C-alpha cells in the first residue's frame, strides 16, 4: 500500500444525462475486512454502462462493470478465507451507478471488490480476455437462467431429456454467447437470433440454429422449427419488437420469458397470459439495498449475494477447464479517455459481434 499513488482517475457520470467525463484526484480506497484492492489492468464495455446512466442518472458516480487486474491488498477476513493472495490475477464485475456507493465502478485505476465476487484468472487467458468475461452480463445470464427462467438443468447437473430448446434472443452479443455455452453445458438445445453475418459466430459457440432477427416472421419461424414446444426465452435485447418475437416463438403450452431490461408493463399486459415474464436487475446480486428510481430499486437480499458468490465459483471452475470461453474481443488503445468514445460507439450501435476491451496498463 505504501507504494501506491496518492490519487487516481475514473470515468464518471457527468451532469449532462447520459454523458461521461474523466474525474481526477480521486482517493485510492482502502479495503474493508472482506474486500480486496485491485489494480485494474483492463476493462470491457457492456451496454448497461451507457444505458443505466441514461435512464437513472447519478452524476459523479463511477461507471463500468467488467474488469481484470492484480490484487495488491487484502482485508483481514479476505486474507484468511478467500484463498487469494497479493499478486493474484483476478477478474469480475463492479455493480456501478449506485447513489449510496458512488465510488463503485470498474472504469478507474484501483477498485475495491468483495473477495467472494472475484474469480482467479487462469494463465491461459490474457488480461483483455479475462475482462471480456468479467461477470456483469455473465452473472445476469446466470440469474436469468436459474432464477427467472428456473431451468432445471445446470452445467454441473445437465438435463438428460433430448430436444429441450431454449431461445437466446441476441445470441451474437457477449451475453448471448455466454448464455449459449452455459445452456449447452446444461444439456439444452439452443436456438438464437442475430444478423446473418453472425450466424457462424453463434454456431461456433454451440447454437443449433440461428434466425435472422430482421425477418418479420422470426418468432413464428422459431416456433415452427422447435415444433411448437419452446418453453423458455431469454431476451438479451428486450425491446418491444424482441418481446413480441419471443412470445411468438414460445409454444402453445406457454412458458417463461426473461428480459435483460426493465419490462414495458403496458405491453406485457397485452401479451399471452400463459407466458410468465420477468426481468433481471444485476444490481440485486450485491445483496444490498439499491436506492434507484423508476423500477430499479432493489431491497436488500443477502441470500441472493450468497447464491451469486457460489455462481462465480462455478464459473471460475468452468473457465479454468476451458469449458467457457470469452466473446471475440476488439482491443482498443487509449485507456480511460477512449472508454468514453467506446461508450458512444455502443450507444450508436456501431459494434457487432465483438466485445470492446481497453487495456489500462
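We count from 1, first residue shown onward.
Cβ atoms are placed via backbone N, Cα and C, with glycine included.
Among the features that Swiss-Prot reports, domain 'Enoyl reductase (ER)' is placed at 15-357. Taken from Swiss-Prot, the feature NADP(+) binding site covers 48-51, 172-175, 195-198, 213, 260-261, 351-352.
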Taking the Cβ of residue 174 (NADP(+) binding site) as the centre, count every other Cβ atom within 10 Å, in any protein chain shown.
29
Across all protein chains shown, the binding-site residues 48, 351 give the max Cβ-within-10 Å count at 48
In the chain carrying residue 213 (NADP(+) binding site), residues 6 or more apart in sequence that have Cβ under 8 angstroms from it
169, 170, 193, 194, 195, 242, 245
What are the non-local neighbours of residue 196 (NADP(+) binding site), defined as same-chain residues 6+ apart in sequence with CB under 8 A from its CB?
212
